[in-house]
Structures are given as C-alpha cells and as structure tokens.
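Worksheet for the structure shown next.
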Amino acid sequence: MENASTVKEFILLGFSENQGVQKIFFVVFLFFYMIILAGNLLIVITVIRSQRLNSPMYFFLCYLSFVDICYSSVTAPKMIADFLVENKTISFVGCIAQLFGVHFFGCTEIFILTVMAYDRYVAICRPLHYTAVMTRRVCGRMVIGSWVGGFLHSIVQTLLTTQLPFCGPNKIDHYFCDVHPLLQLACTNTYTVGIIVVANSGMITLSCFIILVMSYIVILVSLKSQTSEGRCKALSTCGSHITVVILFFGPCTFIYIRPSSNLSEDKSVAVIYTVITPMLNPLIYTLRNGEVKSAMRKLWSRKVGSENGK
C-alpha cells in the first residue's frame, strides 16, 4: 500500500465553500448529531434497564440503536468539524479507517433490520412457536452473525480500495471517504474493481431487501385471519420497522447498487442514511410503541424519585 500510493492525505470538499452556509450547516448537523446520540442512547439504556422490554424485538432494537450511534459517529463528527475549518483534510489511513467503519456499521445495520423482520414474521405468523424459535441463544447468534457479516463485507470493500494506487488528485467530492469517490481518484483503470464493489454491496442490499419485502407480504396476508385488535397491534410494530427500512434501504440502494456517476448527488443522498435515518429511528420506534414510551416514563420517574429522595 505504501509503495503503490504517493498520496498521504485527501481533501474532503464537503457540501459548500460558502462560509455563511457552512456555519448554518454546522449548527444544523451538530443539532442532528446530538439528537442521534441522545435518542439512541436513551433507547439502549431503557431496554437494558427495563424488565418489561425483554422480548427479542427490543433486544434487536437495542443493538440497532447502538449501531446507529456508531454508524453516525464514523462520519458526523468529522463532517461537523470540517464546517469550521478551511482545510478539510483527512490522512490516508484515516480515510481508509472511515471507509471501513461506514461499510462495517452500515452493513451490520442492514443485517439487523433483516433479522428484525424475521422476528416479526415468526411473532405474527407462527405465534405458538415464537418462544421456542426466538430463544435468547438464537437471538444472540443472529446479532453476532450480523456483526460478522458486516465485518466481512467491509473487509472486502476496504482491501479492494487499499490495493489501488493513488498518485495524483486527492480532492474527494464528498463529506466522508467512500468507495466510489476513491475509485475516481485512483491512478489506474478501476472498472473491474468497481464491478466487484457494486456486486458486493448490491448483492447484500438486494438480497436483504427481497427477504424484507417477502417477510412483510407474508405478514400482511396472515393478518387477514386475525382479530382487529391483533391486527392493529401487529401493524403498529411492523409500521415502525417498514418506515425505517424504506428510509435506510432506499438511499443505500440508490448509492451502492449502481456505478456512481454524480458524486454531488450521491453525497446529498448519503445524508439520509448516515444522519437522518439514525436520528429518526428513536422517534419512529418510541412514538409508535406504547411499551417503550411507558418504560421510558417509568425509568425517568424512578430516576427523578431517587434523586429527590437523596
């Protein structure tokens, strides 16, 4: 890697060169990032501390919130800091580390969302077998499998990129290091690598999306035979998950399932799955879920009560 590349650092062009616009973006995205941290951390603490939220659905939700914190933290702090500086540089090693983190946590989130869809399928379509199928051990293995799958995917993307020579331009028309922008800077023909990268990301995204769609088609069909009360409860939990899936998979599919041709367009779309979706996830899951809201209220009232008693 050292011999192949003479570039030691990259310059992230970000969103705008206008100082006034950058200051506005700094305030806006700092606010978004604080919401991401506070909202997802609140869900993690609530699920861990609450004895009522011990079902597999909340077990997976806890890990989804944790992944959201990690995922946004790979890109958001650097992006926010760059709004205040003129020279938006990142070292070669830092760039590759960011690339690895984006794909590691992003792919892990895709797998966890897919596992959550399977959990809802078993709960709604096979309720009598739910406790036997979704045991704590099985849920743990699914989460571990999601982390391992994300790691393997990210390793492939990272190794393919680090093998390329970078010896000329070093300006990245993006706010973080990703595969497509780096491929355009490589001093060699990247057609084959680009095909492999798209196939790797596309295969995972498409296969998981197909599993998700089929799961919810089966769920919606099975809901016809249930009572109106059971149907409303199932649609409430599934509705939250479907909303998150659309917000996350839509932009991801747009970016990674095709060769990139317009980086300015790509970075605008990337904001949705790196910032907006992690910010909205806690709101979507709490506003539509009475159990989570009730557990949060009890946890908060218990904490306030203990502080007043001191």
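Including glycine, each Cβ sits where the backbone N, Cα and C put it.
Now, the feature entries from TrEMBL:
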TRANSMEM  24-45  transmembrane segment
DOMAIN    39-285  domain 'G-protein coupled receptors family 1 profile'
TRANSMEM  57-76  transmembrane segment
TRANSMEM  96-118  transmembrane segment
TRANSMEM  138-156  transmembrane segment
TRANSMEM  191-223  transmembrane segment
TRANSMEM  235-257  transmembrane segment
TRANSMEM  269-287  transmembrane segment
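Contact between the transmembrane segment (96-118) and the transmembrane segment (24-45) is not supported, since fewer than 3 Cβ pairs fall under 8 Å when only residues 6 or more apart in sequence are counted. Looking just at the domain 'G-protein coupled receptors family 1 profile' (39-285), the mean pLDDT is 87. Highlighted: of the candidate stretches 24-45, 57-76, 138-156, 269-287, 138-156 has the greatest count of Cβ pairs under 8 Å to the transmembrane segment (191-223).
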